[in-house]
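K.L.:
Found this in TrEMBL, in case it helps:
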ACT_SITE  HIS168  active site, proton donor/acceptor
ACT_SITE  CYS266  active site, acyl-thioester intermediate
COMPBIAS  36-49  compositional bias 'Basic and acidic residues'
COMPBIAS  60-78  compositional bias 'Basic and acidic residues'
REGION    36-87  region 'Disordered'
Amino acid sequence: MKKKIWVSAAVCAFAVAGILALDIGKDYWEKNEARREYEEMRQQDKEQEIQAQDTDGEDGERGVRAQGQLREETEPGHDAQSGSAGKKLKQIDIPVDFHSLREQNPDIYAWITIPGTEIDYPVVQDSNDDSYYLTHTAERTESVSGAVFSEHYNSKDFSDQLTVLYGHNMKDGSMFAGLHQYEDSQFMKDHDEITIYTPNAILKYRIFAAYLSDDKHILLNYNLGREEDSRKAYIDEIMGQRTMKASLDTDVPVDESSSILTLSTCHSAGKDSRYLVQAYLTEKLE
C-alpha cells in the first residue's frame with residue numbers, strides 16, 4: 001500500500017514538474033518571439049529611412065528615428081522662370097512607416113523612443129479591451145511580453161492633460177524594464193528625453209520625475225481633465241515624492257497647464273507597486 005502511495009506521489013510530482021517545464025518553455029518561446037517581432041518592426045523602419053535617403057539625398061524624407069526632421073518646401077504655384085519667391089512651407093518628416101505598421105495592426109497609432117534605453121516600440125490601443133495588450137504583442141501575437149499600450153480613457157493624439165502608457169517589466173530587459181534605470185538620479189539627468197511619433201506629429205518630452213507608486217488608476221483617481229485644482233494637487237503630489245527610489249527635477253516649469261506623459265510598469269516591491277516615469281511636453285512639431 002505504501003509503495004502504491006509513493007508511486008502515485010512520484011507520478012504526480014513528475015506531472016507537476018512537466019507542466020512547470022512546459023510553462024517555462026512557453027514563456028521563453030513567447031519572449032523570444034516578441035523580441036523578434038519588435039526587432040523586425042524596427043528594421044522595417046530603418047529600411048524605409050535608407051530607401052528615402054537614397055531617393056531624396058541627405059535631406060530625404062526619413063531621418064534618424066531619435067530625432068526626425070523639419071524641412072522647408074516651396075508652396076505650389078511658385079514661378080521658377082520669373083524667379084518669384086514662393087512661400088516656404090515647413091514640413092516634418094516622420095521617421096516611422098505608419099502605413100506599413102498599420103497594415104500589420106490598425107491598433108498601432110504611435111511610436112515611443114527613449115535614447116539610452118532599449119525602449120523603442122510601437123504604441124497600441126485596443127478599442128474593445130483595455131487589457132488585451134497585457135498578453136499580446138503589437139502584432140496581436142499572444143505573449144507574456146505584451147505591448148506598450150494606452151487605455152481608451154486617453155486620446156490617440158496625446159492631447160490629454162495626462163497620457164498614461166503601460167508596459168511590462170520584463171526580466172530580459174525588454175519592454176518597459178528600462179524605466180528602472182531612472183532609479184539612478186544621474187541616469188535621469190543624462191537621459192531625460194522622450195520622443196513620441198504619430199502619423200502627423202513629433203512630440204518631445206522632458207523627464208522630470210521617476211518614483212515608486214501604488215497601483216491606483218491615475219486617470220480615474222484624479223479629475224485631471226476637468227478641474228484645475230485637481231491637476232495642481234496632482235503636480236504637488238508628484239513633486240512631493242520623498243521615497244528612496246524617487247528621482248526628481250523640481251526646477252522644471254511644470255504646472256497644472258502642462259501636458260504630462262506617464263510611463264508605468266511593475267516593480268519587484270510587490271504586485272500592488274508601480275514604477276512611474278513622468279515627463280512634460282516641451283515641443284510639438286506638426
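Start at 1 and count along the chain as shown; that gives each residue its number.
Cβ coordinates are placed from backbone N, Cα and C, and glycine is handled just like the others.
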K.L.:
Could you tell me which three-state DSSP class the residue listed as 'active site, acyl-thioester intermediate' falls into?
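P.N.:
For the residue listed as 'active site, acyl-thioester intermediate' - judged by DSSP and reduced to three states - the answer is strand.
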K.L.:
Given a separation of at least six residues and a C-beta threshold under 8 Å, show me what packs close to the residue listed as 'active site, proton donor/acceptor' in the same chain.
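P.N.:
Listed in sequence order: LEU134, VAL144, SER145, GLY146, MET175, PHE176, ALA177, THR265, CYS266.
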